[in-house]
Amino acid sequence: MADDSNSAYPRVDYGAGTGAAFPDLERRVLEAWAADDTFRASIENRSGAAEFVFYDGPPFANGLPHYGHLLTGYVKDVIPRFQTMRGKRVDRRFGWDCHGLPAEIEAEKQLGITDKSQIDAMGLAEFNAACKSSVLRYTGEWRDYVTRQARWVDFDNDYKTLDLDFMESVMWAFKSLYDKGLIYQGFRVLPYSWYEQTPLSNQETRLDDAYKMRQDPAVTVDMVLSVPGEHPLRELDGANALIWTTTPWTLPSNLAIAVHPDVRYVHLRAADGTRYVLAAERVSHYSREFGEDATVLAEFEGAALVGLSYRPPFDFFLGHPNAHRVLAADYVTTDSGTGVVHMAPAFGEEDMEVCSANDIELVQPLDPGGRFTSMVPPYEGLMVFDANPVIIKDLKAAGKLLRHETIEHSYPHSWRSGQPLIYMAVPSWFVAVTKFRDRMVELNKQITWVPEHIRDGQFGKWLEGARDWNISRNRYWGSPIPVWVSDDPAYPRVDVYGSLEELERDFGVRPTDLHRPAIDQLTRPNPDDPTGRSMMRRVPEVLDCWFESGSMPYAQVHYPFENKEWFDSHFPGDFIVEYNGQTRGWFYTLHVLATALFDSPAFKTVAAHGIVLGDDGLKMSKSKGNYPDVNEVFDRDGSDAMRWFLMSSPILRGGNLIVTERGIREGVSHALRPLWNAWTFLQLYASKPGEWRTDSTHVLDRYILAKLAQTRDGMTEALEVYDIAGACEELRTFADALTNWYVRRSRSRFWSEDRDAVDTLHTVLEVATRLAAPLLPLISEVIWRGLTGGRSVHLADWPAAADLPADPELVSTMDEVRTVCSTVLSLRKAKNLRVRLPLAEVTIAAPDAERLAPYADIVADEVNVKKVDLTTDVAVHGRFELAVNARAAGPRLGKDVQRVIKAVKAGDWTESADGVVSAAGITLLPEEYTQRLVAAEPESTAALPGNAGLVVLDSVVTEELEAEGWARDLVRELQETRKSLGLDVSDRIHVVLEVPEARRSWAQTHRDLIAGEILATSLEFGTAGEPAAELAGGVRASVRKA
């Protein structure tokens, strides 16, 4: 053909040309989808079909999306696209997480609020209005971002956790749990955010970045023992029990000290005469303080100390009932500290349990903001961390401080504000997870985890140790805890509500807003109070926002008030995906609530991917600039390139991924460019449209069709088990075979417009773009529509196995041919023998070499040799070497492993016909050794991958071979000259060559080769007219169109 205008393609033109940049093409596709409403059509096309239920975890919309959202979003698009093409209906409702601390923190920033008291002064209505306006601040940016990544979601039918219907379903869930006896109010020590003035759940302290390195003071403090005269250890009277703590601020609240009953303790006299009591194992740790002349006076078990009294370091709570005694506690260790533990039950869970068991009620000298109250006058108003240095100073002044040091340790922080937490006893509402924990473990066995090890590992272990879940937050913006209690303890009553109808029944009004303060205004007289004076008032707490996101499967459809039949038949969901940290977050809360409410898993399959890291291997940071800007990548390389980079990576198998610009660009070369090049090649040479055909008898056509059939099966199998990276590898391997083998080796057939070749490539591209559609949705759309003229590849069906002829034997053999050629070409490169220089011979030595006989001509042409010699006698050209893996073999063979190693080094080993290896009379297992095929002449020989055989290259260059190589080099230069003159690849030309005397005979000998390759109708040797191209070696060429 003369030019692109004669081409049969594209049938649908995006107006960008074959040389367009991928980002430009992508934008045109996105515009076409929007105009055509293609996404909606993909749903409607499957009306009445079996449904694939996908849960889209709701992000917070008051922050901008990042790489983590991008990665997860691509997975959330690949699987639904694939399932849609497989004939399923896949609704994809987008959701928004609207409640909780993220919204409140954003509102506080906007309003200039730095303290909770300012919210009370402002009024809850105004503050929550600000929260509501902030939560959907970035929905427009999210929509643009999601659209640009070519992710199809339903924004118009989205769900929001602040919607009345959603909140009513959450209320129903709470009431259902309460009715099952799985909700209770308790007073427990919990992770507490003094900054946000609310407790957190234990799983929230296990989220990524919850623990950070922090420096804190550590003090060793004296507590003087008081021992009655009749006690067996009366000599301890006046001795100092030593405690060690990293929270000096808890010392004013000390109510007990604890020892381990079975640990050995000592009474010693320091060099200065002061007497101390501590664990024997910890004495050496304080040798500097005790002095060289310290003397152990007595040694005894901790049990002997139990019951003794002592004087606390501060006297704020002297006389507290049953306090200031030595208690026994099995959790006391001697790994650090002194082996004597200071106990402030308001600030330690284990402290609280032990003190409670010994009838010691806690004292709470902190306000909700973590500041000391008037119960400890010297420190009143000080925040706990600010109080540390003041307390330490007072201890030192009182002579009670033995040691003061600074330690750096991993410490929990609020996952939202980033402020360090404290542990504090607070009243909270709990889901009694421990009552059904074993059932959660059982139901987890029904879930398919990707990667599989998370099921019994990270998630399974977490379930086994699951604790009751604190679901209440002392905050403002969230779903209310639907509990009303009497305001007079003389007439106690508790009412729990599970629907708007129930609220309307008791309060006479149907709420239109369940948020505070509107819901708090619902009050009524206490029916159990005959005086009529007490009122039923709602408890002030709101629900943990994780309770809401864990409720999304049913709350998004307003279950059980609507869509009950639909939900019952579509639960559990088929698939969810998030990063693996959600084993402590969304995955966990979904599983807890589904188990408790429905005795079922919430999902059948879950993919838990790794973390995206910056190009330095560290967490992505704007300030460090250690990652490429997403929008810049979209503009430079395109969304498909980014999608390929992320989807083909180990991150989808649980590993982490370092994002680099180079890695993203490799996605272009690995997948996009090969498919695009094959498509532009077809456009260039097909003057008539190709047809769907799979009956060509040409070996290359048969091979590529069979290779495609194999790829179809491999990709189908991979995507069915959510192995997206595996599907990418299948497609990458095929794209390489298509462009670097089939198209390149078929060029001459296309030049003559061989219909078998055109039809085969048309068919291959039509199927390949359907296979690539979920992984490369934008470029696949351009190619498929240009090829077929159809509406969208995403409305097409996934290729069926019966569509393509399978021939695994041909694929295997041809792939071996390709491997042989690649090995020979690598050998040529190592010896600096350019491919255009013909060589005499290559020998292929392999046990199955004869199967390559029908393809010897292909090998010869590909590697440019005159002859291909096939032999099964590998031993002539090389030998196998064995290496023993001592680490693997040692546990089984014991001392014999050295005897085996010695025998192998001496060459005393054998391999039977069925592949069993023995050495020194001992059979080795496959994992206990490695074999390597070693060439007898390494300079001219290379081993095939997998020790499959050897290739031996005759590298002797005769003058005849050199002459032909020179001619082929000349052809390449003349082709470049044609190109520089703007000639079409099919244009015929007249050429005059001016060749130096030394090379004239070579030119004459290879006249036909030169003329044929450059499409010269006439080729003359003489003086080249002007203008003439200056070529290598003094050759000049005059070229004009025939």
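Backbone N, Cα and C atoms are what each Cβ position is placed from, and that goes for glycine too.
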Given the ranges 4-14, 59-69, 92-102, 664-674, which one is assigned the annotation motif ''HIGH' region' in Swiss-Prot? 59-69
According to Swiss-Prot, which listed range is motif ''KMSKS' region': 234-238, 614-618, 619-623, 759-763? 619-623
In this predicted model, what is the average pLDDT of the motif ''KMSKS' region' (619-623)? 71
What DSSP reports for the motif ''HIGH' region' (59-69) is 3 helix, 1 strand, 7 coil
